[in-house]
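Structure first, commentary second.
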Amino acid sequence: MKAYFIAILTLFTCIATVVRAQQMSELENRIDSLLNGKKATVGIAVWTDKGDMLRYNDHVHFPLLSVFKFHVALAVLDKMDKQSISLDSIVSIKASQMPPNTYSPLRKKFPDQDFTITLRELMQYSISQSDNNACDILIEYAGGIKHINDYIHRLSIDSFNLSETEDGMHSSFEAVYRNWSTPSAMVRLLRTADEKELFSNKELKDFLWQTMIDTETGANKLKGMLPAKTVVGHKTGSSDRNADGMKTADNDAGLVILPDGRKYYIAAFVMDSYETDEDNANIIARISRMVYDAMR
């Protein structure tokens, strides 16, 4: 009798696996149809709570842009955890650390002056508001961009590279391509940060994900077509355009929680796009909705 039940369970497991594989294949076909004729390279990865993975253009190295602020945050929190540093610890910022020619709500609040701020606030500026100056201050605090790159690799994440700060990425159009990731490497990092206990202080993990949920940028991307109350913790990225009108990247990556509590992780990267900003966001939003519907 026991062998019979084991056989039945195995059969149902196999059937469920086949059904999920078919769903992923159908989803990939729908993405193909959506992208037909689009002047952009699009990469997608989805990792479900059952371990199913969708990979679309996963061989491509996509420039991360501000999505890398998630990587930075993990390294900063790792240092804080190991040194028992509180989120409410105060750091001193020099006016010289706040260059003017970059996106920085923090600089608008403290123009041309020295000031103090808590690490909590600094990380909220970097993640939720995607402040470039806050990000570079945190990179320095964590030990530099190479240290952050090495730390993420130690989490068993490969197929990515970080070598540029925000200031470095602004040095040339080519520099933005040096911070890159495959879509699947991004969702692996998201899942690692969510499911593993990277920090002994649970408050740090809770803070990170709440800050991701509080993200103010890119509401028209992953969240754009999802039901209004869907919980999404995400980090966006966006570049300028070159003289030919090509946009290096429009990105969004994060965690989506379904109404029944199940989760999935998704990265949507749009690279070298001649589509409008609205079209880029619409591509991400429509794919996000396709995934959401397939997961329910």
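Backbone N, Cα and C define each Cβ position, glycine as well.
If you check Swiss-Prot, you get these features:
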type: ACT_SITE; residues: SER66; note: active site, acyl-ester intermediate
type: BINDING; residues: LYS235, THR236, GLY237; note: substrate binding site
type: SIGNAL; residues: 1-21; note: signal peptide
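Counting every protein chain shown, the Cβ of GLY237 (substrate binding site) has 27 other Cβ atoms within 10 Å. Residue pair THR236 (substrate binding site) / the residue listed as 'active site, acyl-ester intermediate' shows a Cα separation of 6 Å. Same-chain residues with CB within 8 A of the center of the LYS235, THR236, GLY237 CB atoms, the substrate site residues themselves not counted, are LEU65, SER66, VAL67, LYS69, PHE70, SER130, THR215, THR217, GLY218, HIS234, SER238, ASN251, ASP252, ALA253. A gap of 4 Å separates the Cα atoms of GLY237 (substrate binding site) and SER66 (active site, acyl-ester intermediate).
SER66 (active site, acyl-ester intermediate) has a Cβ environment of 26 other Cβ atoms inside 10 Å. The most densely surrounded of the binding-site residues LYS235, THR236 is LYS235 (count of other Cβ atoms within 10 A of its Cβ). Cα to Cα, LYS235 (substrate binding site) and SER66 (active site, acyl-ester intermediate) are separated by 7 Å.
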